[in-house]
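Student: Sequence annotations record features per position, and here TrEMBL assigns signal peptide to 1-17. Annotation source TrEMBL lists transmembrane segment at 58-78, 253-272, 284-310, 322-347, 353-370, 377-399. The domain 'EF-hand' annotation in TrEMBL covers 127-162, 167-202.
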């Protein structure tokens, strides 16, 4: 329960607020962010991010998913025999679109390094600007110190964009959107170096690297992103399979549930014992280990990826980033809490987590006010998110160890 509450609060506070800071752009008079334009500095009202309406809809669904937290505070909650599952197919499509952008980035990096047989990182893993500059001049076939769309087409020859669910023209549009910060329809050398460097840094953060072989980590990054993409594609195909072959899908689902249950049983007790022993040795309450340390560890990859995507300072990427955060919180509430409540109900256990439920509700009430009914987030909203995190930790401590809620 500590991990569930900690992950939800972490995503809605520290990660959400950081995405606003790194993704901030100038806000126009109608409160819409201007892509790639960040001249207002840290102006609290004239700088920020904006998202599309679908992202607000995702936040509304996230708000609906908090309903179980409200119900479990009611005295007769365990008399409910069933719950309705709410799911919108387009949420899955938004997540798939988010992963496709990462897959496009990883595929292009892997393709470029394989095609030119050159390392684009130094020995310490940082991007090699001189090598990237040489790549720019190799792509700039007419030597006009700019890369145009036709030259990008030539660079991307050989990449199987069909596997990513994209067309080549769409891939070129995405590269131009990421690299062409001046919006003149051309990629200049500085823009090209900055764009490739940003991609390389994101790739390196995504995978764990034990050596300095840049080709290896780009290959691993591409493979990992492709696997994530294929998993989402399989899920979409699975929806059609339930109509065509219901018996096989049911049998496969039962098998997966059985295997997952066996795995959970095998690792649950050792995991809990490990945290309990660590808590005794360090004199740190076990809840705070699960509430603070575990969420930081389990959500670090998703958090870094979301922050890097938000740093591209585009309304589209900001929308996808916040949709990813809201989707992660929604799945936390629907899947994790549902399993937890089922165990409590079936085993007739005593519910002893009122403080955790309260801080989740507070995070949803405060952040839901911003996320569900507006698409523009000025910079000052990040401070609201940031302050919620230490407030949540202090509140849990006071309720559990001063007022005896635990």
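Think of each number as a place in line: the chain as shown, counted from 1.
Positions of Cβ are set from backbone N, Cα and C atoms, glycine also.
Help me understand the surroundings of these features in the structure.
Tutor: Within its own chain, the domain 'EF-hand' (127-162) is flanked in space by residues 104, 107-108, 111-112, 115-116, 118-121, 168, 170-172, 175-176, 185-189, 192-193, 196-197, 200-201, which lie at least six positions past its ends and keep a Cβ under 8 Å from the stretch.
When Cβ-Cβ distances below 8 Å are used as the criterion, the domain 'EF-hand' (167-202) is approached by residues 35-36, 101, 104-105, 108-109, 120-121, 127, 129, 132-133, 135-136, 139, 145-149, 152-153, 156, 159, 161, 214, 305, 308, 311-312, 314, 316 of the same chain, each at least six residues removed from its ends.
Using a Cβ-Cβ cut-off under 8 Å and counting only residues 6 or more beyond its ends in the same chain, the transmembrane segment (377-399) has close neighbours at 9-10, 12-14, 16-18, 20-21, 24, 27, 31, 42-51, 287-288, 291-292, 354-356, 358-359, 362-363, 366-367, 370, 405-406.
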